[in-house]
Amino acid sequence: MSGIESTEEPCDSMTESQSLSPLEPEERQTRKDSGLQSQSLTKRHFAFSPHRLITSISRHTSPHKPRPKSESRVPVPKLHSLPPQRLASPERDKPSIEGISKSFVSFLTAASVYAGFQDLEGEDQQVSPDDVSAGESEDQQADESSDEQEDDDQDDRTFYATDPSPTELTINENTPLPEPEPPRRTLRKARSRFEFSVVKRLSENENDQLAQKRAIALSNKLKRTFDISDTDVFISDYPCWLMGDVLLQGHLYITKHHILFFAFLPKKQGSISKSGALTTKSYPSLREHRKWAVLRNNTFSVYSNSTDLYFPLLVIDLRTALRAEILQSSSTKQNPSKPVWIRIITESRTHWFLADNLASARSWVSSLKKHIFASRNKGDQVAIKIPLQNVVDLELTSVIGVTKNLRIKVIESADTFAIDDYFLMFFSRGEKAVEDIKKVIHDAGMEISEGTSTESEDEQGVDNNLLKSKIELLKKSPSMVQTSSKSNVPVIRMDEPADDFSQEQESAESSKPVSDDEIVSADDNQELEEKQPQDNLANAEKENHDKVSRANSRRTWSTRSLVQGLTAITQGWMSPSPMAHFDEKYAVLRGEEDSYFVKDAEQRKAATERFRKHFSLTDGEKLIATYHAYLVKGIPAYGKIYLGSNEMCFRSTLPGTGTIMILPFSDIENVNKEKGFRFGYSGLVVVIHGHEELFFEFASDQARDDCEFMLLKQMDMFKKGSTDSSPPNASEGSSDESCNLAESNTSLASARLRMFENRIHDAIGLDVPIIIEEHPLTKTKVRPLKSYRFTLLTIGSRGDVQPYIALGKALMKEGHQVRIVTHAEFEPWIKKHGIRFASIAGDPSELMALMVTHPTINYNFIKEAKSKFRSWIDDLLVTSWKACQDTDILIESPSSICGIHIAEKLQIPYFRAFTMPWTRTRAYPHAFMVPDQKLGGAYNYMTHVAFENGYWRGTAHQVNKWRVETLGLPKTSLAEMKQNNVPFLYNVSPTVFPPSVDFAEWVKVTGYWFLDESETYQPPEVLTKFIEQARKDGKKVVYIGFGSIVVSKPSELTQAVVDAVLEADVRCILNKGWSDRLGTKTEIEVVLPPEIYNAGSVPHDWLFPQIDAAVHHGGSGTTGASLRFGVPTIIKPFFGDQKFYAGRVEDLGCGVSLKDLNYKSLARALKEVTTNTRIIEKAKLVGARIRSETGVQTAIETIYNEMEYARSLSISKVKQVSVVKSDEEFDDDKDEEVEGSWLLV
């Protein structure tokens, strides 16, 4: 079946069939001669058929055996990973699609499954067979009590279910409904026969106005979507799933003349579905390069880093993609951290990317498959229309329980006579659906063949006779199957599946001629377009890659492309019209004839199509104007500026260059005219939010001025449209966070679904992405069914504990059990939030005092730490092991030392989470080894390696002794721990800490985990009056507090603060925190003036929105809180990560870093941050970005996505217990050799 490419499978006796005409009558096309069609379209069809899925499994599980031409059935692969009882027919050694679906559905419906959709199997009990809904049901808001109910008999491995809201529902009175089409004014139009049949079927009571209104809305929707005749009759509808490369939730509608399938696809306009680092190889050097990949609606873009997202190195239009797939060797599963190649095959070429591991590769490919599928269907919906007279065979097979698999074999059209297969999965009432279809076929006087699992020669003859009769019928009354697919795929009949990649790729390369408008690839771009693994691919693949690379190389550097580039330059220099207008409304605004307006409608249409093609834009994007100019970014790049309805784009036209810019209007702040860098040129500066300005040079003032006018006019229209569509009374902060919270909830649901897909893949070896229908009136909610027991382990200060409380509360909302393990003094605070608590050894104030005394890691620090904290480390290891019992998932701050060993013993998923740079990277130095000036990537990477070795050597003796005596594990080493392979969560904003391209896929910068406590906080009346009086006096209000820092002379620090506040003429809210914690004084030793109010501890989310600046020590949590609310920040770092964040605040331009703290430096900094408008505006911009992030939801999403990978790491480690009780084995003076590590002295 070719109508929806990713949900089709060819018939048994015939091969690939033609894609069906779209539903719009004007777009219908009849293909008379299938043999003359393009082979690239053939491959596009094959790329999305379930037959390719089956044959690909066959290639990986058993040797390929050609099928004899006389055999009528498609060869079905043997799934060695499935137990015999999971197959549809145990006696057959080749499972059919039913066998695969049986294994798949077992995870959805059985009581002893890993995961499933709980409500689906129970639909028969909730809805009678005669009760038929139209698929447009109420928006379910499940009762909280029902969310907490679980089946006591269910196996504890079950961890997924949808909310208990069946697919077949009724609409309540509050549910919005599409309005029916209004009647004609001239004559009251009676209901058509089709409308009457829908109303009669769906409303038992004639007086039920709501049901009738719903029925009319459904009939109008079906008529508009499927072009249903008024004389047709509605029979019934059923919820079902369409099977193919994806499993799509939707509805089956049966009428007197047609079988209809319809589903709403998820809508994510402009949002990023997935992003991360991937490795590419350049040609011909085969050097590896790390790039940043971003997956959006219809595009897969590659950038040089995660911050410069306006200049893609490569943009793949997924509307031209055939498929995405993984290439893995037999050793991949044995080593979960081994890199794996993936490839995206398009109509013109193949793109190779190296993922960090198999889990990452599967995540990328699954997301790509969903996007490719969605991009090939019109209007965010999937629609299939099958005339009943085209149906040849119905085959219903049982899967598990009431779950049925329906195979519909149809003749595509009277022109091609190709046979397509549609596979539908019913979780209830599958027999009733088949009965309805058979009844309407029988009533129409037609006949079909009832397929079985095996066929004899006589039965095959009957099928042939039936096929001939069907063809004769179609010749007399032509009809064709129609789908919402954007492309028409020809029918090519083959005896063997077209799965030879070499033949496919050669055809793809030769099928598309070089276009005059094709973007010429730069060196960096070219290296991305053809990737070839060296070790794990077959020789045939390598040879094919060489052919493709040579073909692309010839294309890129051909004489034709060179001449085209030179011609473009010459025309740009010499053309009397260096600009062109394409929108009629601007010509009217000028009040006179626009000499630059392109009057030919066909030329305007062709230019718009080229514009969309160049930048892979949506079909709704309009071209407004174009200009020839230079982009001055390093070396000036000559090219063309395109102004669209939503973006400003640039494309270089020089031969050998491939600079592309896609800049949304929403990110442009202003446009200014300037003088050009070169004599005779005019400049235009585009000011971008949070990004360096872009400078363009034009050959004339006229072109520059026209570009400025058009750009400002289009920006005003864009912003006006955005303002009109936004809520009128929403505050800036609340609207930012609420909108992004809704988006994060969608991402979280996708992560739950991905976690479900991972468990299915690990059990049955299939990787079929699942798409949940985004119905406008009802929503299928995927929620965790199993309650996992999370343990969050950390040591340190209040700032180290607070993020875990925020994460713990969110995990509890997901239905999990959470326990925080940390120092005893935080127990009341943690329990106040309803989180379980367990204590470990250690006094955090002593740790703070040691760190303040030794701001950097040096010999004296190691010596003092070893003498003071040796016994504490022993106690920490023992108490942590006891506290982490009965744990399913462990999340630990890596400074706690012991978590990775506990996870190895318990064989559970293990994650690390921290607030400062801790993983190896060239982008940032280690937080404890930050230099006074930037020393480059080599130094940064060295600091991480040196710290890892030093930190391990300082604790290795005690850790290994504890492993052997307490855990029963053998000794380990830095290399054997493989801590750089552990999934890592940075609870820091990507705005403050942009993820580096050399971060592994399992290293995620999630965003801050904020704990909002302002709702329960009652501020003292004195504090509120202090703030009000400062506002009346026209004075700036600043916050000064140093949190958990312990200082030896607190009175001197207080006096410096007092003098600085008076000097700067501001009002101060003071919070000394732990600054005098180790002292004996209980009251402030310095008398505070009226300009300073000693507030003590105040929730940041209550205080910071009301102040003008903040002064603090630069801890991650406090820095995030001040930046979150757009407050200019002054940081005086004392130790550790504080120096790192002080530098980041200065780099962002939203604050000041103090090297020395005295009243003069502090006063000067206070004046700077309260009066410098640049710092104030920059802080507001950074705050808006941080408020748009949802760190906690992103963290949970990452946990779900990486859970199976984290589990595989723990399981893959050594399990053999080596018990050594002799104390001689642990000699303190013995220098232990650590394999694979080194220490820089």
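Glycine too: its Cβ is placed from the backbone N, Cα and C atoms.
Sequence annotations record features per position, and here Swiss-Prot assigns region 'Disordered' to 1-97 (among others).
According to Swiss-Prot, the compositional bias 'Acidic residues' annotation covers 1-11 (among others).
Per Swiss-Prot, the feature compositional bias 'Basic and acidic residues' maps to 25-34 (among others).
What Swiss-Prot lists as region 'Disordered' is 124-189 (among others).
Feature annotation from Swiss-Prot assigns compositional bias 'Acidic residues' to 136-155 (among others).
Helix, strand and coil residue tallies for the domain 'GRAM 1' (220-267), in that order: 7 helix, 26 strand, 15 coil [DSSP]. Per Swiss-Prot, the feature domain 'GRAM 1' maps to 220-267; the stated evidence is sequence analysis.
According to DSSP, the secondary structure content of the domain 'PH' (271-373) in residues is 19 helix, 45 strand, 39 coil. Among the features that Swiss-Prot reports, domain 'PH' is placed at 271-373.
Residues or ranges marked as region 'Disordered' in Swiss-Prot: 499-556 (among others).
Summarising the annotation, Swiss-Prot assigns compositional bias 'Acidic residues' to 516-527 (among others).
The compositional bias 'Basic and acidic residues' annotation in Swiss-Prot covers 540-549 (among others).
For the domain 'GRAM 2' (609-675), residue counts in helix, strand and coil come to 10 helix, 37 strand, 20 coil, using DSSP. Per Swiss-Prot, domain 'GRAM 2' is recorded for 609-675.
As annotated by Swiss-Prot, region 'Disordered' applies to 720-741 (among others).
Taken from Swiss-Prot, the feature compositional bias 'Polar residues' applies to 723-741.
For Val1098 (UDP-alpha-D-glucose binding site), the same-chain residues lying six or more positions away in sequence with a CB closer than 8 A to its CB are Tyr1017, Pro1019, Leu1023, Ile1069, Asn1071. Marked as UDP-alpha-D-glucose binding site by Swiss-Prot: Ser797, Arg798, Asp800, Asn1071, Val1098, His1100, His1113, Ser1116, Gly1117, Thr1118, Asp1137, Gln1138.
Averaged across the domain 'GRAM 1' (220-267), pLDDT in this predicted model comes to 88. Taking a C-beta cut-off of under 8 angstroms and a sequence separation of 6 or more, Asp800 (UDP-alpha-D-glucose binding site) has the following same-chain neighbours: Thr794, Thr822, Ser893, Thr915. According to DSSP, Val1098 (UDP-alpha-D-glucose binding site) is assigned to coil rather than to any helix or strand. Farthest C-alpha pair in the UDP-alpha-D-glucose-binding residues Ser797, Arg798, Asp800, Asn1071, Val1098, His1100, His1113, Ser1116, Gly1117, Thr1118, Asp1137, Gln1138: 23 Å apart. Long-range C-beta contacts of Asp1137 (UDP-alpha-D-glucose binding site), restricted to its own chain and to partners at least six residues apart, with a cutoff below 8 Å, comprise Thr915, Met916, Pro917, Ala927, Phe928, Gly1114, Gly1115, Ser1116. Of all the Cβ atoms in the protein chains shown, 25 others lie within 10 Å of the Cβ of His1113 (UDP-alpha-D-glucose binding site).
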